[in-house]
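Shown next, in structure tokens, is the structure this report addresses.
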Amino acid sequence: MKVVITVVTCLFLLSVMQLSFFNIFNYQLLDATTNGSKDSRKSKDKLLGGLLTADFDEDSCLSRYESSLYRKPSPYKPSRYLVSKLRSYEMLHKRCGPGTEAYKKATEILGHDDENHSTKSVGECRYIVWIAVYGLGNRILTLASLFLYALLTDRIMLVDQRTDISDLFCEPFPGTSWLLPLDFPLTDQLDSFNKESPRCYGTMLKNHAINSTTTESIIPSYLCLYLIHDYDDYDKMFFCESDQILIRQVPWLVFNSNLYFIPSLWLIPSFQSELSKLFPQKETVFHHLARYLFHPTNQVWGMITRSYNGYLSRADERLGIQVRVFSKPAGYFQHVMDQILACTQREKLLPEVFVLETQVTNTSRSSKLKAVLVTSLYPEYSEILRQMYWKGPSSTGEIIQIYQPSQEIYQQTDNKLHDQKALAEIYLLSLTDYIVTSDSSTFGYVAQGLGGLKPWILYKPKNHTAPEPPCVRAVSMEPCFLRAPLYGCQAKKVNITPFVMYCEDRITGLKLVDSN
């Protein structure tokens with residue numbers, strides 16, 4: 001009898017061991033398959049649907065290929081035509097960029113102002129020079145605008161490196177550099193290119209030194225284009241078709257701009273067909289260009305990933321609130337705080353707070369963690385939110401966690417660490433699920449476009465009073481061209497073109513929308 005019991009017991013244990021081994025084997029196989037599919041998905045995602053090239057060393061710029069691990073896959077896919085155009089541009093930049101014989105020859109003509117460059121061959125290499133002016137948000141928007149203009153006109157874009165641009169962004173083009181060499185012949189003159197400069201296009205038109213309507217104009221070796229918010233009607237002629245015909249012949253263009261002027265490029269007839277092929281979804285222009293161009297350096301990427309992993313990654317939902325106060329003096333204002341609360345609670349982005357614990361009737365219904373990222377020069381806005389959700393329970397039972405990475409008090413453009421913090425915060429905002437931005441803020445424009453987010457825009461307060469309604473949901477994620485040329489050669493097109501509209505936060509501005 002004992003022998004029988006022993007045999008039965010052994011058989012039972014053997015079957016259990018076999019079953020366990022079978023389950024372990026299946027689990028390992030499933031895990032390997034799952035990991036394999038994850039790895040495959042990651043390898044596809046890291047190039048963002050072909051937007052990025054694989055021709056870079058990954059360690060030199062971690063953010064380029066790691067960003068897809070921190071961001072939900074974009075529902076907006078780049079067109080094949082855009083992908084092809086970017087690869088063609090990269091090859092052109094290699095042939096014409098700094099250090100090439102073509103670049104050397106192109107710089108040599110800058111000293112010969114007495115020659116008419118409409119009759120001289122400069123080959124395939126023509127250039128755009130970007131001058132760094134105003135704050136980081138403005139700079140990113142103008143870089144995107146200039147790069148698109150470079151794509152449309154087959155030019156090479158080179159950026160002024162006398163500021164901290166190389167401390168913020170990796171090189172975007174493989175096997176070459178986008179940095180304007182410090183020995184560029186016009187370096188000492190770049191800061192003097194203002195709206196009164198005799199080499200700026202608007203001034204030359206005003207002084208009859210150049211004429212876009214005749215074929216008799218002498219084409220200079222370079223022109224300054226002044227597209228700052230205070231530009232005049234002569235400067236705005238840049239957006240006219242006949243003027244573009246003349247400007248295309250100039251070998252070097254130096255841009256002084258603080259505006260996102262892409263919407264008005266769509267209203268230039270000769271560009272419209274090409275733009276439609278590049279961006280069938282018109283509100284994706286900045287979204288695609290930003291993800292292609294702007295990859296934070298490893299130092300900035302470290303700031304971003306540490307903040308994300310420490311404060312945002314565990315949340316079930318992430319909300320970004322970008323607060324920019326344009327009042328003078330700026331700082332904390334109660335009416336701005338009231339407006340933030342009115343907007344976020346009315347739009348169900350944040351729950352209300354109960355005074356008494358007993359008012360919460362459904363605490364088990366939702367124990368979701370909602371992380372709220374606040375970016376502001378001032379600490380008071382996030383601190384009041386933090387205290388509010390600490391003192392009383394939320395009406396939904398959600399746990400609300402408030403995080404503000406920095407409180408700089410003053411904007412310190414061209415201070416390396418300040419700008420790096422600003423870029424990190426822009427990027428963190430773009431990683432949220434929903435975003436609230438401030439009226440006319442370029443900082444917010446960049447974050448929403450990079451993240452593919454349609455923001456709730458806080459209207460600008462008047463007379464120190466919270467506006468009613470406090471905010472509006474944007475129609476598209478595109479930034480606003482805050483000072484668009486609404487009159488002159490584009491006046492009629494503004495009103496009849498279905499894919500441009502006046503901005504929600506600036507009646508003098510234009511933005512791109514999908515016409516449907």
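Any Cβ shown, glycine's included, is placed from N, Cα and C.
Residues annotated as N-linked glycosylation site in Swiss-Prot: Asn35 (among others).
What Swiss-Prot records for Asn116 (among others) is N-linked glycosylation site.
Secondary structure from DSSP puts Asn211 (N-linked glycosylation site) in coil. Around Asn211 (N-linked glycosylation site), a 10 Å sphere centred on its CB holds 14 further CB atoms from the protein chains shown. Look at Swiss-Prot and you will find Asn211 (among others) tagged as N-linked glycosylation site, backed by sequence analysis.
Annotated N-linked glycosylation site per Swiss-Prot: Asn362 (among others), in sequence order.
Annotation source Swiss-Prot lists N-linked glycosylation site at Asn463 (among others), citing sequence analysis. DSSP gives Asn463 (N-linked glycosylation site) a coil state; it is part of no helix or strand. The local packing around Asn463 (N-linked glycosylation site), expressed as other Cβ atoms within 10 Å of its Cβ over all shown chains, amounts to 6.
Among the features that Swiss-Prot reports, topological domain 'Lumenal' is placed at 26-516.
Per Swiss-Prot, the feature transmembrane segment maps to 5-25; the stated evidence is sequence analysis.
Note: the CA-CA distance between Asn463 (N-linked glycosylation site) and Asn211 (N-linked glycosylation site) rounds to 47 Å.
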